[in-house]
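Asker: Structure below; questions to follow.
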There are 2 protein chains.
Amino acid sequence: MRTIHVKTESADYPVYVGSDFLPQLSRHLRKLSGDALPRLFILTSPEIWALWGEALLSGLPKEQHPSILFLPPGERYKRLAEVERLAGELAAAGADRSSVLIAFGGGIIGDVGGFLSAIYMRGIDYIQMPTTLLAQVDSSVGGKTGTNLSAGKNLIGSFHHPRAVFADVATLQTLPARELRAGLFESIKAGIIRDAKLFRFLERNAEAVLQRDMDALKYVIGASVRMKAEVVGIDERESGLRMILNFGHTIGHAIEAATGYRRLLHGEAIAWGMLAALQIALGRGTVTAQEADRITQTIHAYGPLRPFRSSAGLLLGAAGRDKKNRAGKRRFVLPQGIGDAVVVENVTDAEMRDAVEWTLAAARQSEQKTEARGR
Amino acid sequence: MRTIHVKTESADYPVYVGSDFLPQLSRHLRKLSGDALPRLFILTSPEIWALWGEALLSGLPKEQHPSILFLPPGERYKRLAEVERLAGELAAAGADRSSVLIAFGGGIIGDVGGFLSAIYMRGIDYIQMPTTLLAQVDSSVGGKTGTNLSAGKNLIGSFHHPRAVFADVATLQTLPARELRAGLFESIKAGIIRDAKLFRFLERNAEAVLQRDMDALKYVIGASVRMKAEVVGIDERESGLRMILNFGHTIGHAIEAATGYRRLLHGEAIAWGMLAALQIALGRGTVTAQEADRITQTIHAYGPLRPFRSSAGLLLGAAGRDKKNRAGKRRFVLPQGIGDAVVVENVTDAEMRDAVEWTLAAARQSEQKTEARGR
């Protein structure tokens, strides 16, 4: 088991990375809350519960009868109307301020569960038990919770840190391969922006990682979480350093928005966004051609990158509406070599257009390759 | 102008009590944000805007075109669906993380505006400009924001402090008399639990206060806010001292719930709740008969108390579901003389029943008096 401590201005909690949390859940929970377990409420998805619900219940004492709340899968349920329904179910089941919610599932379960905990009775404790790689390395750490609006993703939310995160790599064994790869792009991001050693590990061990070797996964997840914990510890509210976590996100988000959030998984869009940002970095010389090459090859090693179609106009428009823009300024994260990154505000319209057009061409090329393979 | 500083673990902001904030709003806002005014969004009710909107706009420079968002009056609009609609309007109007929302209206506007600010883009700055006495002395201070669920009031919410509160007594001149009196019950509460001098002022100056003498109102509001600021400064999250602010609220909330939140204004229900709690205090000897008499007479001086009908069963049931209960314990606030209060956890079922029955009898008596006057 690896333990990473997240320490921010407003919170201090452990992230545990291991492979046996479910069957021993009550033992682990007692480490947090002492002998008397609180009343537990579990928010999960029907799929995850069907696969892992029994294992989780086996780890709780018989007298604990946690209430199970379900959220259907998909971004379209990441909405306030669902939060209201779930809050009503909590109230009906008698949840009070001392109750604890366990968010057991992927990123949407974590985001909605965290937000529900943030606003139910003005805040109750919650625990993250992420079951996707993306949630384990990224969304379960850092305290960002929330829902979408029609006008955009994650426009509603709170900073609300969990009491603890249990990242159980055993649950990754049932994760679809495409989702595993999409999550690994966030780990590659972690390596590029702040952890050259993690990047090298991912570069050299793609096969073991993709075959879900438990030790390889524990290392990758632990290192990714440690990177994020350090950054969030220094800059919880994203006034400075935390911005670097958005490497690949400006154009990645634009691609997600322009393709209606249906075509690509988040991590896949971020992979495209990182390649796009890399073009700008290469043009400015903040990475060498050799570094750019290593990054590109490593991203592709965890591919194939799913192609998409869009237009430069659509992507540039969507990037302009990105909520990371502050008072009209466009912030952009560029890698500086491998293992470091900077936030700049002077990316020009021409650089943006070139990067977007390069990405559209790369996506077209990838589509042709896919078709050629299909013949 | 009186200035009270609210200092808590998570916030530090001024509450200004005065009578000329509207026509000089931009000058006051510049004190907070420096020379460049942020983009302003105003959440208000149609009534308040009709009465005071022009005065507020006159205080802003011509080039400021604040977007005005409206929330219809009434508890039934204090819901997540309205928050979602308003968030969509903010997004459509281009509000970003540097925008500032002004909550201009009564308690519901403040609660919803504060919550909207708490969760829009995970939190933007907001300013309270309360226009009812209740909002000025109570709900605009302390950072509690939120909405109702079908299952109960204020079950959804956040702690999110404003950047500043401007309590303008000029706006109280258009407040309906019944609402003025209902708000004053919270000031009487402030006096009873922590400020004997404020209590004496209210006891002796009922006429001036009820005739809306500006100086008398400024004193009462300033002292009430100071009391609350002290308490919240010591115990922001209501783990201890802040509980005393709930004097009158256990049975007061039960009366509101049992009468469907329609019959009584919040302050009126709290007045009944204070009289009920006083019976328990008198039975235990934490107040003398003479003190109980002064409290009772002062509450009635700001009456008449609107009668209501209910049953002991309904009220006791509603009190049992009060969200201030923690892990099954019933907490109850009792005055200790005048100007002090304690939180106890050992109020018996019999004491509760007696207090509730006394209150129902007093309400019946008050109804008969009202009828007799009506003949």
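Every residue, even glycine, has its Cβ placed from backbone N, Cα and C.
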Asker: Which residue of A:GLU186, A:GLU203, A:GLU345, A:GLU351 does TrEMBL report at the same Zn(2+) site as A:HIS249, A:HIS266?
Answerer: A:GLU186
Asker: Using C-alpha atoms only, work out the spacing between A:LYS144 (NAD(+) binding site) and A:HIS249 (Zn(2+) binding site) and round it to an integer in Å.
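Answerer: Counting only the Cα atoms, the answer is 16 Å.
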Asker: Quick one: give me the count of other CB atoms within 10 A of the CB of A:LYS153 (NAD(+) binding site).
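Answerer: Summing over all protein chains shown, A:LYS153 (NAD(+) binding site) has 18 other Cβ atoms within 10 Å.
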Asker: What whole-number value in Å do you get for the largest C-alpha pair distance within A:THR131, A:THR132, A:LYS144, A:LYS153, A:THR171, A:LEU172, A:GLN173, A:THR174, the residues recorded as binding NAD(+)?
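Answerer: Max Cα-Cα spread across the NAD(+) binders: 29 Å.
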Asker: Which binding-site residues (A:LYS144, A:LYS153, A:THR171, A:LEU172, A:THR174, A:HIS266) come close to chain B, taking a Cβ gap under 8 Å as close?
Answerer: A:LYS144
Asker: With helix taken as DSSP H, G or I, strand as E or B and everything else coil, how many residues of the domain '3-dehydroquinate synthase C-terminal' (A:183-325) land in each class?
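Answerer: Split into helix, strand and coil, the domain '3-dehydroquinate synthase C-terminal' (A:183-325) gives 104 helix, 0 strand, 39 coil.
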Asker: Just the number: how many Å between the Cα atoms of A:LYS153 (NAD(+) binding site) and A:HIS266 (Zn(2+) binding site)?
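Answerer: Per the Cα atoms, A:LYS153 (NAD(+) binding site) and A:HIS266 (Zn(2+) binding site) stand 11 Å apart.
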Asker: List the helix, strand and coil residue totals of the domain '3-dehydroquinate synthase N-terminal' (A:70-181) as derived from DSSP.
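Answerer: Split into helix, strand and coil, the domain '3-dehydroquinate synthase N-terminal' (A:70-181) gives 47 helix, 33 strand, 32 coil.
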